[in-house]
């Protein structure tokens, strides 16, 4: 293993840029919006019954695009009802973007926003020190459980915060996605941050089953266009390589035989489909709805 290979997460600015390229080249957000439009109204149908205020907790809210989409669905379900929306997000940069988005979005008058610059673990520790735990009507954890050290303990804690008829929405990559195959085959060869776990919906469902917690799981197809990864020296491709392998400057620092092997695999049908001259990596998502 080349000593110059290092974790992408530790190089924050490079990580942010590689994540942006991933969003630009994938159907991730479209997939999430499809779920919010088609499934979420039914899921939140009873969370605010007889309540004068609906309490929503966003864990890892990022820059807020998905959060505001969720909030619009809650507003449509409960017109005029006050919403208390608290956000737990460790990145100051993302919180700033979230606040800017809120400032330029209309129809948010009945929503109170509070941001906490902390990880889910820090939030958990802070809450445990209090005598009385706040109960929530809806908690969502979108693509953030990869960055939690003890996932079962985290699931158990947030499940304990659910009010009557409340739900948790968890989004992670599906066990049927190509991420699962990539991580299983190459995870031990890649330098990754200690705080980044390879976890899919299959792993989470096993944990929830073990804890006896009720849930439903919905899978939606999503893809990443990784065609640029096969063009030598392509900047977009290099940043996508970083994202796929969670390794900073993977394209230039990885052992050539490792890169060649992954490059060959990524073009195989078990990882990607070739369509209209593009190579589309299977990025399928799972939406797990946990019951109170």
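Keep in mind that glycine also has a Cβ here, set from the backbone N, Cα and C atoms.
Residues near residue 283 (substrate binding site) in space but far in sequence (CB under 8 A, at least 6 apart, same chain), listed by position: 26, 27, 28, 173, 177, 178, 179, 222, 223, 224. The substrate binding site annotation in TrEMBL covers 28, 283.
Marked as S-adenosyl-L-methionine binding site by TrEMBL: 60, 89, 94, 120, 142. Shown in sequence order, 59, 60, 88, 141, 144, 148, 154, 158 are the residues of the chain, 6+ apart in sequence, with a C-beta less than 8 angstroms from the C-beta of residue 120 (S-adenosyl-L-methionine binding site).
All chains included, 20 other C-beta atoms sit within 10 angstroms of the C-beta of residue 142 (S-adenosyl-L-methionine binding site). Taking the binding-site residues 28, 89 in turn, the residue surrounded by the fewest other Cβ atoms inside 10 Å of its Cβ turns out to be 28. Using a 10 Å radius centred on the Cβ of residue 94 (S-adenosyl-L-methionine binding site) and all shown protein chains, the other Cβ atoms total 19.
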